[in-house]
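Colleague: Below are the structure tokens for one structure; questions will follow.
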Amino acid sequence: MLLITCLSLLLVVGACPDPERKLSWEAKLDEYIKGICPDTRKMAPELRTNVTVKFFLKSFSFDAGEEIFSIYSWIFLKWNDRRIKWDPKDYGDIDKLQVSSSNIWNPMDNFQNSKSTYEFDYLWTKTCDVYFNGNIICVPRTVYEIICISRLSDWPYDTQTCRFEFKYRGNNQLPRALFMFGDGRGMRLLGAEYGGTWNIMDYKQGDQNEVLFFELTVERQAMGLGAMLTAPAITLMLLNISSMLIDIRGPSRLLLCCLSLLSHFIFLQLINYSMPQLNREMPKILIYVRSSLVITSFMLMLSFILNTVSKSSKSPPAWISGINTWVQSTPITYVIQSSLPAETVGESLTKIHYNEWMDFINLVNNSVTIIVAILYLTFYILYIPSPPSLI
């Protein structure tokens with residue numbers, strides 16, 4: 001029994017490769033690679049060495065206030081160096097070896113983000129995989145930043161398109177790298193397209209004059225902010241239109257117009273607090289609030305004037321009586337008709353003058369109400385941004 005156990009152990013030990021022997025082969029191969037081209041590590045193996053580039057996006061961020069778009073990604077670089085080849089049989093059947101990126105020619109130092117805000121981007125990689133046939137694969141971790149000018153016309157449901165460009169940095173007269181995306185997409189998102197406040201909605205890539213580029217279209221996720229801005233805009237519209245339906249002869253209408261005017265300034269403070277500050281483009285919702293503020297100011301002055309005129313006991317001018325007579329003889333009188341009850345007046349002549357004033361006041365008030373309603377509907381369609389379709 002003891003003999004069988006010993007034989008089994010010998011068979012197991014004999015079947016396992018010697019790790020120290022393998023390490024020695026790797027060390028010899030590493031020394032071989034170091035000694036192949038010590039003087040040409042900074043020079044490409046060919047006059048134009050094709051380097052395939054693939055981005056694997058890990059995360060991104062977009063600071064719309066500072067207009068800085070940054071991506072953190074792994075870059076898959078693959079090329080062939082004919083100077084680095086070996087027969088695996090000569091090195092313990094080793095067909096792949098991890099070597100320091102400083103011991104071989106590495107095109108990463110010449111891969112420049114031409115739209116970067118810095119001279120050098122954040123790059124780090126320690127080793128590359130070198131294969132026996134000369135193929136080399138490096139996967140450096142990178143952080144790239146660019147200036148991306150925001151367009152806020154549709155804020156808070158705005159979309160931004162940011163473009164990254166990469167080109168060769170170095171002496172074009174010497175052997176150098178020729179970067180290309182190769183077949184398929186040049187960037188894999190792998191679920192990283194969903195950011196905190198922005199989502200990547202579209203991706204485009206291209207190659208122009210040996211310059212690689214890709215464009216990322218991001219969309220702001222602002223359903224809560226949009227509701228917070230749209231609800232007050234609708235409320236102000238309804239508040240102004242409803243104030244036009246209040247009796248012009250009392251103080252309630254003037255007070256409601258003043259309240260609406262104050263609400264506009266509070267709403268502007270809310271927008272100022274929420275929107276990016278450093279952009280020179282005006283969001284369309286600000287045009288809506290500005291137009292509504294002008295309408296409210298006009299309605300306040302009109303209400304004050306009509307309230308003052310309603311207390312007049314003088315005879316109205318002939319042109320006012322003429323307008324009242326013309327309106328009453330046309331179908332307009334069914335659309336714009338008196339809805340304000342007349343007060344009891346003792347003298348018949350004063351009553352006639354009062355009724356003429358009130359007919360004219362009612363005509364002006366109802367006409368302005370219809371115009372204001374049409375203006376608000378137009379402004380809402382033109383200037384209130386709508387959320388993106390979910391389909």
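One is the number of the first residue shown, and numbering goes on along the chain from there.
Cβ coordinates are placed from backbone N, Cα and C, and glycine is handled just like the others.
When I checked TrEMBL for this same protein, it listed these features:
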type: DOMAIN; residues: 30-168; note: domain 'Neurotransmitter-gated ion-channel ligand-binding'
type: SIGNAL; residues: 1-15; note: signal peptide
type: TRANSMEM; residues: 222-242; note: transmembrane segment
type: TRANSMEM; residues: 254-273; note: transmembrane segment
type: TRANSMEM; residues: 285-306; note: transmembrane segment
type: TRANSMEM; residues: 360-383; note: transmembrane segment
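How buried are these features, and what lies next to them?
Modeller: Secondary structure by DSSP for the domain 'Neurotransmitter-gated ion-channel ligand-binding' (30-168): 18 helix, 67 strand, 54 coil.
Listed as Cβ neighbours of the transmembrane segment (222-242) (distance under 8 Å, sequence separation of 6 or more from its ends, same chain) are residues 156-157, 197, 256-257, 259-260, 263-264, 267, 270-271, 274, 285, 288-289, 292, 295-296, 299, 369, 372-373, 376, 380, 384-385, 387.
Beyond its flanks by at least six residues, the transmembrane segment (285-306) meets 155, 229, 233, 236-237, 240, 243-244, 248, 253-254, 257-258, 260-261, 264, 267-268, 271, 361, 364-365, 368, 372, 375-376, 379-380, 382-385 of its own chain at Cβ-Cβ distances under 8 Å.
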Colleague: Restricting attention to the domain 'Neurotransmitter-gated ion-channel ligand-binding' (30-168), give the mean pLDDT.
Modeller: 83
Colleague: Using a Cβ-Cβ cut-off of under 8 Å, list the residues of the same chain that are 6+ residues beyond the ends of the transmembrane segment (254-273) and lie near it.
Modeller: 228-229, 232-233, 235-236, 239-240, 242-243, 246, 283, 285-286, 289, 292-293, 296-297, 299-300, 303-304, 307
